[in-house]
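Trainee: Questions regarding the structure given below will be posed in turn.
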Amino acid sequence: MLWVLLSVFTSLARECLAASAADWRSRSIYQVFTDRFARSDGNTSYPCDVNNNIYCGGTWKGIENKLDYIKNMGFTAIWISPVTAQVTEAYHGYYQTDLYSVNSQFGTAEELKSLASALHSKGMYLMVDVVPNHMGWPGCHDTVDFGRFKLFNKAEHYHSFCEVKNMTNQTEVEACWLGNCNITMPDLKTESQEVANEMNAWIKSLVANYSIDGLRIDSVKNVNKDFFPPFCSSAGVFCMGEVSEGMANYTYPYQRYMDSVLDYPLYYAIDRVFHRQSNMSDLVVNLASCTQDVEDGCQDSTVLGTFFENHDNPRFPATTMDLSLAQNALAFTVLSDGIPILYQGQEQHFSGGDDPGCREALWLSQYNTDSPLYKQIAYLNQIRNHISSQHPSYLTYQTRVLSYTADVIQLRKDAIRTILTNQGEQGGTYTLTTQGMEFTAGETVVDVLTCAKYNATEGGEVDIKMDGGKPSALVPGSQLTGSQLCQY
Ligand SMILES: *[C@@H]1O[C@H](CO)[C@@H](O)[C@H](O)[C@H]1NC(C)=O
Ligand SMILES: *[C@@H]1O[C@H](CO)[C@@H](O)[C@H](O)[C@H]1NC(C)=O
Ligand SMILES: *[C@@H]1O[C@H](CO)[C@@H](O)[C@H](O)[C@H]1NC(C)=O
Ligand SMILES: *[C@@H]1O[C@H](CO)[C@@H](O)[C@H](O)[C@H]1NC(C)=O
Ligand SMILES: *[C@@H]1O[C@H](CO)[C@@H](O)[C@H](O)[C@H]1NC(C)=O
Ligand SMILES: *[C@@H]1O[C@H](CO)[C@@H](O)[C@H](O)[C@H]1NC(C)=O
Ligand SMILES: *[C@@H]1O[C@H](CO)[C@@H](O)[C@H](O)[C@H]1NC(C)=O
Ligand SMILES: *[C@@H]1O[C@H](CO)[C@@H](O)[C@H](O)[C@H]1NC(C)=O
């Protein structure tokens, strides 16, 4: 009897620990590029030339030592680079050779476990990047010695060689190999039951050993879709896939096979609107394409990964150092429907270009917590964390477009209204009367990004001061009690 009770208890405890999509919805993720975040020795002048494409020395121990830098920005989860053993100098982690060993450049298995428990003791989640599509081989496809891989050590575990050339031929994208003669990515035959079974057993074991709370799945469009439901249920935790394609009707349907995808269609829209300063109508069209009402739309927009920088694309400031534009893109990302994901270095306004340029060592910033974007991100996460803990309805409320012109958009997500513009730093100083806010007449409304206060008019609007193209995030003062924001 005792044994039965105990085993029921342990299985309940395990279920409580496994984080689902519902648990992740309220989270805010900081993307750590493990090799470039922090070294174990804490050296903040250690040189790192991104163009060398070699390890710079970031480790799991380094991340653990610097968790407060992340937590103090209001993040409640981190996503780290793949943890498996790699070919030489695969500092990013996407060229694995042995799924059952950890990358010794990043630390030991014990250090990875220690990172997970340090996160959990701070109430934070661990998301790990995983790569079911391929292994890595440092040479041409015809030199691959399959026997050198652990686990998938036979040619029959892989598709026979062909090169992915035509990205619009889905059969080819799934069955052919990525890479070139410097690095080949032998393509796992994930539709074979034997390979799928091994992969499912591996992910279950990985998640259990390292107390992982969620997965970021790499190269999803190169894998057969049917592979994912059993893989994610074996993992037993939240799965977010990388489908790097801007076409909404291609990317969003993948949400039928896993909890979430990175919102690449929105990424491109953010880039066009806030970076290239195109018409706000572009953002409106994209928001409308991500609902269940649309054919091939989103299953659940509130658990998608919302981002506008990562380790694979040029940073937003690579071609514009305009701080106001970056601030608007940030406000939109954190306060829109999905789970916000910010990439290390955004808080320091890093400006690296295309991969590998965007993989700067963060330590060279000296972890400056006084930078304007570090502070703004902290305010944005703080308001999101506060409102969602006070009003859980916030998290499932789908953003409504209240009004827009070519260069200003007014949005509402439950208690938070945002006014965003792509006028940039050159945007002048003027008064804007809001439209459709539905505040209570006479109530105090606070812009949590500046602490400016406004009185709502009889019609429930406010006259806000627009200044140098900055964003506004408006919240009724009555909702701020206990938030520590703007002296509430
Ligand atoms: C940091 O690393 C650099 C390069 O190896 C070295 O010159 C410097 O002395 C180190 N600083 C500290 C504080 O260890
Ligand atoms: C690429 O694949 C698509 C879809 O399978 C096909 O329609 C198109 O003709 C192909 N393009 C080339 C250049 O082969
Ligand atoms: C797509 O690629 C597959 C595999 O390479 C090939 O057999 C097929 O003919 C291609 N389809 C088209 C329409 O090009
Ligand atoms: C292979 O690596 C060399 C040296 O880094 C580089 O010059 C070359 O462009 C690479 N080839 C390919 C196909 O990427
Ligand atoms: C998990 O730990 C067990 C026990 O040490 C080990 O046998 C297994 O290989 C580990 N799994 C992974 C994916 O590292
Ligand atoms: C997706 O939408 C584009 C236009 O946005 C259209 O050209 C394409 O045919 C659509 N694809 C599918 C599979 O419906
Ligand atoms: C912006 O888009 C809207 C809606 O499509 C359109 O009415 C307006 O003319 C556009 N404005 C500019 C400046 O292009
Ligand atoms: C808001 O209204 C109060 C009371 O009516 C008044 O004291 C205050 O000056 C007003 N504030 C602003 C910013 O107009």
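Heads up, the Cβ atoms here are built off N, Cα and C, so glycines get one too.
Take a look at what TrEMBL says about it:
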{"type": "ACT_SITE", "residues": "Asp218", "note": "active site, nucleophile"}
{"type": "ACT_SITE", "residues": "Glu242", "note": "active site, proton donor"}
{"type": "BINDING", "residues": "His134, Arg216, Gly246, Asp312, Arg359", "note": "substrate binding site"}
{"type": "DISULFID", "residues": "Cys48-Cys56", "note": "disulfide bond"}
{"type": "DISULFID", "residues": "Cys162-Cys176", "note": "disulfide bond"}
{"type": "DISULFID", "residues": "Cys451-Cys486", "note": "disulfide bond"}
{"type": "DOMAIN", "residues": "31-384", "note": "domain 'Glycosyl hydrolase family 13 catalytic'"}
{"type": "SIGNAL", "residues": "1-18", "note": "signal peptide"}
{"type": "SITE", "residues": "Asp312", "note": "site 'Transition state stabilizer'"}
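Locate each feature and note its surroundings.
Mentor: Taking all protein chains in view, 19 other C-beta atoms sit within 10 angstroms of the C-beta of Asp218 (active site, nucleophile).
A 10 Å cutoff on Cβ-Cβ distances gives Glu242 (active site, proton donor) a total of 21 other Cβ atoms nearby, all chains included. Annotation note: Glu242 (active site, proton donor) sits in a coil segment as assigned by DSSP.
Its Cβ taken as reference, Gly246 (substrate binding site) is surrounded by 15 other Cβ atoms within 10 Å in the chains shown.
Other C-beta atoms found within 10 angstroms of the C-beta of Cys56 (disulfide bond) number 22, with every protein chain shown included. Under the three-state DSSP scheme, Cys56 (disulfide bond) falls in the coil class.
Secondary structure from DSSP puts Cys162 (disulfide bond) in coil.
With a cut-off of 8 Å between CB atoms and residues at least 6 apart in sequence, the same chain places Val446, Val448, Cys451, Leu480 near Cys486 (disulfide bond), listed in sequence order.
Counting only residues at least six positions away in the same chain, the Cβ atoms of Ser244, Asp355, Cys358 sit under 8 Å from the Cβ of Asp312 (substrate binding site).
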Trainee: Consider each pair of residues in His134, Arg216, Gly246, Asp312, Arg359, all listed by the record as binding substrate, and report the largest Cα separation in Å as a whole number.
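Mentor: The substrate-binding residues span at most 23 Å between Cα atoms.
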Trainee: How big is the gap, in Å, between the Cα of Cys176 (disulfide bond) and that of Gly246 (substrate binding site), rounded to a whole number?
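Mentor: That comes out at 22 Å between the alpha carbons.
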Trainee: Taking Cα atoms as reference points, rank the recorded positions Cys48, Cys56, Cys162, Glu242 by distance from Arg216 (substrate binding site) and give the first.
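Mentor: So, spelling it out, the nearest of the recorded positions is Glu242.
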